Amino acid sequence: MVIDMKINLQWLWRHVPRFELVLLALFAFPGSFEQVANGWTFGQIPAMVAAQARERWRFVLIAVGLYVGTYVFSFGFQFLMQDVIRRANIALKSTMLRGSFASGEDQNVGLNRMTGDAVKIQDQYFNVIAAIITAACTAIACAWLVFTSNWQLGLIKIAFSFLAMLPMAFGAKFMARLGQRWSSANAQTVSAAKDWLAGRVDVIQYRAQDTFFSRVFGALKVSEKRQQQQSNGQLLMWTISALFAVISFFVPLVLGFWFLQHGLFAVTASNLIVIMMTGDSISYNVRAVVQYWSQIAGTRELRQLPEVPDLRVASTDLQDSSVALNQVALSFGDQTILRPTTLRLAGGSKSLISGPSGSGKSSLLSLLSGWRQPTAGQVQVGAQPATPTSVTYITQQPWLFHGTVRDNLTLGQDFTDAQLQSVLADVGLDDELGADPLTRMVDPQQNELSGGQLQRLMIARGLLRKRPVLLLDEITAGLDDANAASIRDLLYHLPNTVVEVAHHYDPQQLAACHVQHLQLTADHTLA
C-alpha cells in the first residue's frame, strides 16, 4: 500500500467535503454576473429615456438587485473557496509530512517540502483553479447575455474579440526565443562575473584587471542587449495587440450601426450596447482560462510527489523473543559490511557487539531492527521477519519533544497512569522526576534532564510497548562510567532479549551479567 502523493482534481475531490464543492459550484455562476450586470444595465438606458417613471424605478430596483445578488454570491464563492483551500492545504501538508516520515527524508528536506512546495502548490494550483472557475463562469454568463440579446451581432463581436488574441498566439514562440536568448546571455554574464570575483588574487598579482574584465564587460553588453531586445519584442507585441483590439472593437460597432440603420437582424441600440460591453469579456476570460490552464500544466512535476509506503502495519506481538540471522550479508555497492553470517540469539539473552569505528556496527543493528534490508539472507525475530514494529530500537540520540513526561512516553497512545508509573519505576525515574513525574514538562531545548535520565526515559518508552527485543545503539556514549554502568545493570536484568552496540564497555560487568560479547571484525565477520 502507498500513500497517494499525486495532487490533482481527483485528489481534491477525495479530500474536500462533497457538499462544500457542490455549494461552491452553485455560488460560482451567479457570483460571476458583474459583467452581465454592467452590460444589461447600460443596455437598458436607451429604453429608459422614453420610459414612464414606474418603469424606470422598476429598472433601478432590478439593476440594484442584480448587482447586490452578484456580490453576495461572489462573496459566498470566495468564502467557500478559501475554506476549500484551507482544507486542501491541511490535507496536502499532512500528506507531505506523512510521506517524508515514511520515506525517512532528511528533516530539512521534509520541512522545505511543506513550507516551500506546499506554498507553491497553493499559489500555482489551488488559487489558479479558483481563477479558472471564475473566468469560465464569467465567459459563460457573458456569452449567454450576448446570444440572448442578438446572436448574429453577438457572433460577429465574439469572432472579432478573438481576433485580438492572434498576435499573442502567433507571437508566443517569437517571445519565447527572445526570452531564451536573454536567459542564456544572462547565465554567461553571471558565470563571467563569478570568475572575475573568484579570481581576485591571481588577477591582481598578474596585473590582469583590464584584460580579464573585458570578458565580463563583453558578456554584460550582450546580456543587456538581449534584455533590450526582449523588452522591444514585448512592446511590439503589445502595440500589434492594441491595433488588433481597435479593429476588433470598431468593426463590430460599425456593423452594428449599419444593421441598426437598415433594420437588419432586429438589432436595437440596447442590443448594440450590451454586446459591445460584454463581448470582449468572453474572449478575455477564455484567454484567461487558457493561460491559467497552461500555468497548471507547468506545475505537473511539482504536484507529482513521490509515492511512499504506508508504515501502518499490523501488530507483531511475539511470543518467541529469539533473534536469528540466516546467511545474512550486507554491502553498500562494492563495500562489504557483513559477510554471510548465520547466528541465533536465544530469547532473553544479553549480547554486546563491539568493533572498530566505521566497521558497520550501527548498520548491523539496523538490520536486526528491520529498518534496513540485508543484501542476502533473512533476519528473523521469533518466527517472523524483523520489522521496525516488532522490536524496540533505541539510539544514542534521545528524541524528546516539548510536552509532559506522559506525552513523551505515550506519543498520544492510550496507556493507564499505572502502566506509566510502572515503567518509570522499572528504570528508576519514579522518584527522580519529582512528586508527580507524569505531569512534569519536558523541554528538549532546556536540557533539564541528565544524559542518564534521558536514556532511561527512552528505555521506559520502549518497555511500555512490551516488545520482547531491545536493540541499543551506543546509548551510553557521552555518559560517565557510573551512569553507563547503572543503565547497563538495569538492561541486563530485564527479561527482554537485549542486543547492544557499544564502543566502550566494562568487561567485568559483561562477565558478571553473563553477557555474550560479539565482535564485528575488520574482515566483516561477526563472532
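Glycine is treated like the rest: Cβ placed from N, Cα and C.
TrEMBL entries are annotated by machine, without manual review.
The transmembrane segment annotation in TrEMBL covers 57-80 (among others). Sequence-distant contacts of the transmembrane segment (57-80), counting only residues of its own chain at least 6 positions beyond either end whose CB sits under 8 Å from a CB of the stretch, comprise 20, 23-24, 27-28, 30-34, 36-37, 40-41, 44, 48, 51, 133-134.
Feature annotation from TrEMBL assigns domain 'ABC transmembrane type-1' to 59-298.
As annotated by TrEMBL, transmembrane segment applies to 125-147 (among others).
Sequence annotations record features per position, and here TrEMBL assigns transmembrane segment to 153-172 (among others).
Long-range contacts of the transmembrane segment (235-260) within its own chain (CB-CB distance under 8 A, at least 6 residues past either end) are made by residues 152-153, 156-157, 160-161, 163-164, 166-168, 171, 174-175, 267-269, 271-272, 275-276, 279-280. Feature annotation from TrEMBL assigns transmembrane segment to 235-260 (among others).
Per TrEMBL, domain 'ABC transporter' is recorded for 323-526.
Away from its own ends, the transmembrane segment (153-172) comes close to residues 143, 146-147, 233, 237, 240-241, 244-245, 247-249, 251-252, 255-256, 259, 265, 267, 271-272, 275-276, 279-280, 282-284, 286-287 of its chain (Cβ-Cβ under 8 Å, at least six residues beyond either end). Below 8 angstroms of C-beta separation, residues 7, 9, 12, 24, 28-29, 31-36, 39-40, 77, 81, 84-85, 88-89, 154, 157-158, 274-275, 278-279, 281-282, 285-286, 288-289, 292-293, 295-296, 299, 302-303 of the same chain, each at least six residues beyond the ends of the transmembrane segment (125-147), sit close to that stretch. Note on the domain 'ABC transporter' (323-526): mean pLDDT across this stretch is 87.
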